[in-house]
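Student: I'd like to ask you about the structure that follows.
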Amino acid sequence: GYKWRLLLAYDGTHYAGWQYQQSPPTVQCTVEKALTQATKLQRKDLCLVGSSRTDAGVHAWGQVAHFFTPFNYDNLEELHAALNGLLPSDIRVREISPASAEFHARFSAKSKIYHYKIYNDTIMDPFQRHFAYHSVYKLNSTVMREAAKYFVGKHDFSAFANASHNDRVPDPMKHIFQFDVKEMGALLQLEVEGSGFLYRQVRNMVALLLQIGREAIPPEIVPHILASRDRKELAKYSLSAPPHGLCLVSINYNESHLLPPPGCPSNSFGRHHTIRKCKVPFFL
């Protein structure tokens with residue numbers, strides 16, 4: 001068989017997250033439906049796997065998934081156009097590429113980058129309402145930046161994880177490579193890159209930074225909560241931040257796993273439509 005990699009962007013507002021379930025609609029379910037129509041294959045043959053199980057209401061600019069087909073493609077542009085033609089306008093396939101046998105959307109990932117947007121003004125910008133959390137409290141970005149540095153490095157993040165729905169107990173040790181707080185006018189963007197994240201970890205870290213930004217608690221609370229390894233300890237200071245401010249921006253992969261297999265078509269980035277020049281009428 002042949003393996004293919006999808007780069008996906010979606011507005012998660014109307015979806016119950018990525019992970020497959022019958023109802024309400026999930027992003028995976030919607031993408032699978034378009035794939036079954038475009039490839040004429042069954043869901044069980046496609047075996048679509050996503051890199052990150054984004055929660056209900058969370059957005060993505062750089063979600064990655066892979067799927068299988070028993071046949072090869074000469075070119076991927078037609079499949080690409082067909083998929084975007086079948087998908088609703090709040091989900092787009094940004095790129096389709098052939099994937100090597102080693103590549104796995106989830107297990108080949110080296111790090112993931114998430115952004116959390118906070119709109120910090122008295123009145124919310126209505127155009128940002130689905131993509132940024134509105135904080136009416138004036139936030140001190142300097143103390144938030146100071147607090148975010150405590151998350152960087154390898155830590156046991158048990159205190160920042162909600163109990164997961166799946167049975168396997170995930171490894172609570174995660175490596176945070178960077179955590180920045182950027183100011184863009186009224187918008188505060190929290191940018192975090194890590195080896196991986198526990199269930200609700202990013203939103204729980206953001207919620208604590210919001211309380212620190214409001215100056216309700218000092219930045220030094222972060223190492224204290226991390227050391228406790230207890231979710232109840234975090235709950236004394238903050239609740240989870242809402243999902244709509246969160247976006248999965250990009251996923252970094254093991255370079256060797258991204259090499260294209262031999263005898264495969266080139267990547268499709270979508271094609272531009274061109275107007276065919278018409279002949280100048282003779283009467284001009």
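Cβ atoms here come from the backbone N, Cα and C positions, even for glycine.
Annotations per TrEMBL:
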DOMAIN    9-107  domain 'Pseudouridine synthase I TruA alpha/beta'
ACT_SITE  ASP55  active site, nucleophile
BINDING   TYR114  substrate binding site
DOMAIN    147-254  domain 'Pseudouridine synthase I TruA alpha/beta'
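Looking at the shown structure, can you explain where the listed features end up?
Tutor: For ASP55 (active site, nucleophile), other Cβ atoms within 10 Å of its Cβ number 20.
Non-local neighbourhood of TYR114 (substrate binding site): GLU191, VAL192, PHE197, VAL202, LEU246, CYS247, LEU248, VAL249, each in the same chain, at least six residues away, with C-beta under 8 Å from its C-beta.
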Student: Kindly state the mean pLDDT of the domain 'Pseudouridine synthase I TruA alpha/beta' (147-254) in the predicted structure.
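Tutor: Overall, the domain 'Pseudouridine synthase I TruA alpha/beta' (147-254) comes to a mean pLDDT of 95.
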Student: With DSSP helix as H/G/I and strand as E/B, how many residues of the domain 'Pseudouridine synthase I TruA alpha/beta' (147-254) fall in helix, strand and coil?
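Tutor: Helix/strand/coil tally for the domain 'Pseudouridine synthase I TruA alpha/beta' (147-254): 35 helix, 32 strand, 41 coil.
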